[in-house]
């Protein structure tokens with residue numbers, strides 16, 4: 001296809017015009033000067049004479065024509081040339097026949113032969129618009145013409161809209177010398193019948209694109225959708241997708257839904273069912289754990305004596321502090337295998353099913369954690385979730401079954417875990433029968449009172465504003481009014497506590513220690529008894545406890561170091577040791593002595609609890625005392641070293657024995673001078689419902705006393 005020659009040199013002047021390409025238009029205005037081309041045929045010259053610039057307005061073309069009709073000394077400047085862009089004062093003088101550097105663009109590389117000719121400002125020639133559609137059209141081109149690259153048609157089948165190349169060729173070859181030639185005018189007025197490699201839309205043939213809004217193509221509906229129709233389809237798209245869904249799409253959708261439902265079942269439903277245990281469909285056959293193979297005859301299994309037949313004869317007596325022999329009045333050797341202690345199972349012991357909230361324990365006391373194995377009672381603590389708590393343990397108590405009033409209580413035990421590890425709370429202790437351990441409503445106003453005066457000591461907070469006491473006052477005081485609720489009016493009653501052992505750890509020296517204490521109320525000033533009446537026998541192993549009490553109890557306590565072999569674990573562990581108390585409750589010569597093994601650790605004499613401040617004498621307990629054996633764990637007791645507590649841990653009890661003077665034997669919970677049975681029976685709600693925390697919650701009220709109740713008592717008179 002012939003293009004305008006940008007490389008050949010052509011000099012022209014106003015006198016060197018082709019006669020076939022000159023003349024006036026129909027208005028008489030002079031036409032633009034057209035240079036003659038020495039190496040181009042006449043047909044090509046004539047074809048280009050009538051062309052106009054499609055990208056210039058009529059005013060711009062008129063100005064261009066006026067500029068072309070100036071003096072012949074001014075050379076012709078084609079529209080769009082580089083020279084036209086220069087300012088008038090600095091525009092290049094094109095009248096000088098100075099050469100321009102050779103063209104070195106794309107076409108110079110593709111047609112090197114055309115570049116070899118001299119450059120003589122031939123770029124001033126008007127653009128050449130001949131179009132070639134086939135090689136035959138270019139047969140008359142000279143070797144200096146630059147050929148365009150092969151035509152690329154993106155849409156080879158665009159229909160009749162594209163002008164045929166034959167028609168274009170006809171327009172390109174029609175003569176243009178006649179001003180009235182309609183064919184030439186039609187061709188020159190159509191800006192899109194120019195060379196095919198030019199397009200204002202990015203380099204493709206202009207004839208291949210629709211340029212008018214009314215032109216239509218077969219794929220217009222894809223590019224110009226109807227908004228209303230699209231909106232209607234959008235509203236029904238979900239329904240139509242299902243309505244016109246083929247089998248393959250339906251099967252794919254079903255597969256996706258199936259995978260989604262399977263994922264929900266596997267990752268949500270199945271874990272929930274597994275966690276709740278809803279799918280643990282075990283057989284209906286009840287599993288029974290046999291604690292022992294021993295067969296007990298129904299009648300011979302009943303013990304007829306408080307002293308266990310398995311107790312050796314050498315243990316039938318015990319020597320007291322004064323050298324007298326006290327006789328054995330009760331014993332339990334726990335030699336029978338598989339004993340259980342649910343309520344009603346055993347005549348002497350009960351394993352309660354409670355949470356010990358009084359000390360904010362972390363375990364739940366469950367009856368199934370207390371049983372007899374290998375000739376011992378075992379209280380087992382597991383990291384086993386129970387009743388919303390994460391630990392389960394055992395407690396055994398003889399409340400309202402076996403009690404004693406003064407005497408000696410001896411217990412042989414192997415303590416749990418390691419002695420050097422802090423956290424566990426093993427306990428061997430006693431408490432007055434008017435309070436049941438773990439049942440807070442029953443203990444309110446009686447624990448740990450041991451008081452026989454009618455003064456500030458029986459009032460709430462001891463009538464002291466300094467916060468020494470948070471107790472509600474003594475419920476069963478000595479001066480209870482006539483007609484009030486009292487087990488035996490005229491006697492001060494309570495539920496004091498004596499601890500044979502509470503296990504803890506001395507973390508500085510890494511050994512276990514035994515806290516042995518008396519818990520009483522009301523309290524001394526600063527919780528300090530008279531230490532002139534307290535004996536410590538060996539200060540290398542026993543010292544008075546730095547903890548002397550708090551607003552809920554006064555604790556007269558001493559701590560003694562223990563051997564690491566007396567614990568469950570350890571290189572030499574597994575040995576048993578006996579712990580004991582010995583006490584007499586005489587007001588003048590009474591005492592309490594504690595033992596580790598056969599060695600006494602310290603003694604409190606009755607005179608250590610003399611009047612102090614606005615309170616009177618605290619007495620060594622005259623109440624019938626029940627026995628409690630338990631293994632607990634609580635942050636209120638000691639730092640818990642979790643990583644070294646190896647659950648399950650077990651406190652083993654070899655035996656429990658009670659000794660009393662032969663002239664003062666009382667192994668009952670309802671002695672005549674300190675009765676408890678009738679009182680308990682008339683207030684069973686407080687003693688059987690562990691969820692009740694106050695006496696009022698159980699439905700009862702504190703009895704009035706003559707000190708604060710404005711009433712009288714026939715059993716007690718205030719001294720003047």
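Quick reminder: no glycine exception, Cβ is built from N, Cα and C everywhere.
As the structure is a computational prediction, the values presented were derived from the model and not from experiment.
Positions annotated as compositional bias 'Polar residues' by Swiss-Prot: 1-17 (among others).
Taken from Swiss-Prot, the feature compositional bias 'Polar residues' covers 31-51 (among others).
Annotation comment: Swiss-Prot describes 69-90 (among others) as compositional bias 'Polar residues'.
Within the model, the domain 'GH16' (289-664) carries an average pLDDT of 95. Feature annotation from Swiss-Prot assigns domain 'GH16' to 289-664; the stated evidence is sequence analysis.
When secondary structure is read from DSSP and collapsed to three states, residue 374 (N-linked glycosylation site) falls in the coil class. Taken from Swiss-Prot, the feature N-linked glycosylation site applies to 374 (among others), supported by sequence analysis.
Annotation source Swiss-Prot lists N-linked glycosylation site at 461 (among others). Following the DSSP three-state reduction, the secondary structure of residue 461 (N-linked glycosylation site) is helix.
When Cβ atoms from all protein chains are considered, those within 10 Å of residue 538 (N-linked glycosylation site) total 12, not counting its own. Taken from Swiss-Prot, the feature N-linked glycosylation site applies to 538 (among others).
Shown in sequence order, 419, 575, 577 are the residues of the chain, 6+ apart in sequence, with a C-beta less than 8 angstroms from the C-beta of residue 563 (N-linked glycosylation site). Annotation source Swiss-Prot lists N-linked glycosylation site at 563 (among others).
Per Swiss-Prot, the feature N-linked glycosylation site maps to 691 (among others). Using a 10 Å radius centred on the Cβ of residue 691 (N-linked glycosylation site) and all shown protein chains, the other Cβ atoms total 11.
Taken from Swiss-Prot, the feature phosphoserine applies to 81 (among others), supported by a large-scale study or a structure entry.
Summarising the annotation, Swiss-Prot assigns phosphoserine to 116 (among others).
Annotated phosphoserine per Swiss-Prot: 133 (among others), in sequence order.
Residues or ranges marked as phosphoserine by Swiss-Prot on the basis of a large-scale study or a structure entry: 134 (among others).
Among the features that Swiss-Prot reports, phosphoserine is placed at 136 (among others).
Residues or ranges marked as phosphoserine in Swiss-Prot (evidence: a large-scale study or a structure entry): 139 (among others).
The region 'Disordered' feature in Swiss-Prot is assigned to 1-90 (among others).
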Go through 374, 461, the listed glycosylation sites, and name the one with the sparsest Cβ surroundings, counting other Cβ atoms within 10 Å.
374
Which ones, of the glycosylation sites 374, 461, 538, have a Cα no more than 10 Å from the Cα of residue 691 (N-linked glycosylation site)?
none
So, in DSSP terms, is residue 538 (N-linked glycosylation site) helix, strand, or coil?
coil
Cα distance (Å, whole number) from residue 538 (N-linked glycosylation site) to residue 461 (N-linked glycosylation site):
37
